[in-house]
Amino acid sequence: MNIIESDTIANKAKIAIAVVRFNRFVNNNLLEGALDVLKRIGHVKDENITIIWVPGSYELPLIAKALAISHKYDGIIALGTVIRGFTIHFEFVAKECSSGLSRISMENTLPIGFGLLTTDNISQAIERSGIKANNKGSEAALAVLEMINILKIIKNSS
């Protein structure tokens, strides 16, 4: 039986982080969580991290596709917040963003960390972007680091 698993150190990895400007005060916390994990746990150097600010969550799949086809990055982290309103706009944006990022990841065999918060209210968004715990940006960064290493192991195994 073969078991493949990996750690989260990827000190030579090149990472792009796409961050949504809308709800920036929440997304700044997600970004800080992702950067903390990349540097402290993944040992990723500043010069290997690119941050791209986009207008809204709906734009995340497009920028992720552009980053993927550039072949400059080993992984992408998508960060944003969609808060439920009184229209179906929330469901539309969340679904399109989620399915778009998943499709791009699979089509390009490229890890994309899903750090898109979908919450009922601002309190939930603040809680899930916590500085000390429950930061979904941190979780997305950890997933990307591990998947970068797992994909390398699979590629290099015979």
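Placed from the backbone N, Cα and C atoms, the Cβ positions cover glycine too.
Annotated in Swiss-Prot:
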BINDING   Phe22, Ser57, Tyr58, Glu59, Thr81, Val82, Ile83, Phe114  5-amino-6-(D-ribitylamino)uracil binding site
ACT_SITE  His89  active site, proton donor
BINDING   Arg128  (2S)-2-hydroxy-3-oxobutyl phosphate binding site
Secondary structure of Phe22 (5-amino-6-(D-ribitylamino)uracil binding site) (DSSP, helix/strand/coil): coil
Chain-internal residues near Thr81 (5-amino-6-(D-ribitylamino)uracil binding site), provided their CB is under 8 angstroms and they sit 6+ positions away: Val20, Phe22, Asn23, Val26, Asn27, Leu30, Ser57, Leu116, Leu117, Thr119, Ala125, Ser129
Could you measure between Glu59 (5-amino-6-(D-ribitylamino)uracil binding site) and the residue listed as 'active site, proton donor' for me? Cα positions, answer in whole angstrom. 14
Is it possible to get the count of other C-beta atoms within 10 angstroms of the C-beta of Arg128 ((2S)-2-hydroxy-3-oxobutyl phosphate binding site)? 20
Looking at the binding-site residues Phe22, Tyr58, Phe114, which one has the fewest other Cβ atoms within 10 Å of its own Cβ? Phe22
What whole-number Å value do you get for the CA-CA distance of Tyr58 (5-amino-6-(D-ribitylamino)uracil binding site) and His89 (active site, proton donor)? 11
Give me the CA-CA distance between His89 (active site, proton donor) and Val82 (5-amino-6-(D-ribitylamino)uracil binding site), in Å, as a whole number. 10
CB neighbours within 10 A of Glu59 (5-amino-6-(D-ribitylamino)uracil binding site), counting all protein chains shown, number 18
Note: among binding-site residues Val82, Ile83, least Cβ-dense neighbourhood at 10 Å is Ile83
Relative to the Cβ position of Ser57 (5-amino-6-(D-ribitylamino)uracil binding site), how many further Cβ atoms are located within 10 Å? 25
Diameter of the 5-amino-6-(D-ribitylamino)uracil binding set by C-alpha atoms, the set being Phe22, Ser57, Tyr58, Glu59, Thr81, Val82, Ile83, Phe114, in angstrom: 17
What's the CA-CA gap between Arg128 ((2S)-2-hydroxy-3-oxobutyl phosphate binding site) and Phe114 (5-amino-6-(D-ribitylamino)uracil binding site) in angstrom, rounded? 13
